[in-house]
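K.L.:
The annotation substrate binding site is assigned in Swiss-Prot to ARG19, HIS131, THR350. Feature annotation from Swiss-Prot assigns pyridoxal 5'-phosphate binding site to GLY106, TYR107, SER176, HIS204, THR233; the stated evidence is sequence analysis. Per Swiss-Prot, the feature N6-(pyridoxal phosphate)lysine maps to LYS236; the stated evidence is sequence analysis.
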Amino acid sequence: MAFDLAARLAERRAADLYRQRPLLESPQGPEVVVDGQRLLAFCSNDYLGLANHPEVITAWQAGAERWGVGGGASHLVVGHSTPHHQVEEALAELTGRPRALLFSTGYMANLGAITALVGQGDTVLQDRLNHASLLDGGLLSGARFNRYLHNDPASLASRLDKAVGNTLVVTDGVFSMDGDLADLPALADVARARGAWLMVDDAHGLGTLGTQGGGIVEHFGLGVDDVPVLIGTLGKACGTAGAFVAGSEALIEALVQFARPYIYTTSQPPALACATLKSLELLRRETWRREHLAALIRQFREGAQQMGLQLMDSPTPIQPIVIGDSAQALRLSRLLRERGLLVTAIRPPTVPAGSARLRVTLSAAHSEAQVQLLLNALAECYPQLENADA
């Protein structure tokens, strides 16, 4: 029969790929309550520990008192409030660009930017490991769509030689499932030499990379000429919600006119923008957060490598432990949970077949002692997978 959803769901269960939503019963933080169980969490993207920061909460409360709780309309009607505008100005300053444009989600920002910039007769080239929202944007744009080998400037160059029309090269800044950095200097050189624009989604780099937290573009010392289109999200290191596109005056004005996900949606609550303004202030001022996070990353990598765990080449808070088999990844996640630790198993189709993993994420809110607890639990649990295979 048509729409045999039960069969599709059963097939996913049989392949150990069925997803379920854990119920969070506490605020974000290193220690959470999930499905009634108190756990030490290593799976949140709250990289700087700002999601439950008292000053950010107070800013939201004050914003609700001053501006109410609803955006009321789209930005182009009567939904563009003063706090929205102030956030855009703060983001432009943080990223060193003339303008920034606020979107309600990262998915919308990626779809909006790509579909506004390229269409039929144009070309969009993407890293094969890009986030789903980037791939969807490329497919929806109607442009000729192709993917180059992961983080491979030579592969990109060969595809650029066959490009037609306006050409947009799209890459994650930090790859969300591997934690590695895009080779932006090389990609920018290749794109510029062939007259293409480079678009970078820095969802996981903003706040964690760069001296001021400006992200991967600041990390590599690049500018708007190297990366004309910069995307960032506010629900990860910033600890609030939303996203933005930053670039030239002409780029932002073009998105206001042509980016459908921006035009045809109600603006985010202005009180949320008030909270984001405070989180951006803390992100820049409290540099100790990035310094402490970097120390935790070193601690985890050194400890995991001593155990012989298979890590990715990641200098970021994303530290995947590659298992391979989906059932085994789920088993390791369950073993850790039995010991009071929450580490999510990531399986296909989110990652390529045969590369299921535990995606460990670290936060500036974690302590060295908590990271050591994770390492101790891994040392106890990981060998049980090998014993099961024996």
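The backbone N, Cα and C atoms fix where each Cβ goes, glycine too.
Please situate the listed features within the shown structure.
P.N.:
Under the DSSP three-state reduction, ARG19 (substrate binding site) is assigned to coil, being neither helix nor strand.
Neighbour list (GLY106 (pyridoxal 5'-phosphate binding site), Cβ cut-off 8 Å, at least 6 residues apart, same chain): SER133, ASP201, ALA203, ILE231, THR233, GLY235, ALA243.
The Cβ neighbour count for LYS236 (N6-(pyridoxal phosphate)lysine), using a 10 Å radius and every protein chain shown, is 29.
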K.L.:
Specify the secondary structure state of THR233 (pyridoxal 5'-phosphate binding site) as given by DSSP, simplified to three classes.
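P.N.:
Assignment for THR233 (pyridoxal 5'-phosphate binding site) reads strand.
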K.L.:
By the DSSP assignment reduced to helix, strand and coil, which category contains HIS131 (substrate binding site)?
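P.N.:
The residue in question, HIS131 (substrate binding site), is coil (DSSP, three-state).
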K.L.:
Once the DSSP letters are reduced so that anything not helix or strand counts as coil, what is HIS204 (pyridoxal 5'-phosphate binding site)?
P.N.:
coil
K.L.:
In Å, rounded, how far does the Cα of SER176 (pyridoxal 5'-phosphate binding site) sit from the Cα of HIS131 (substrate binding site)?
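P.N.:
Pair distance, Cα basis, whole Å: 7 Å.
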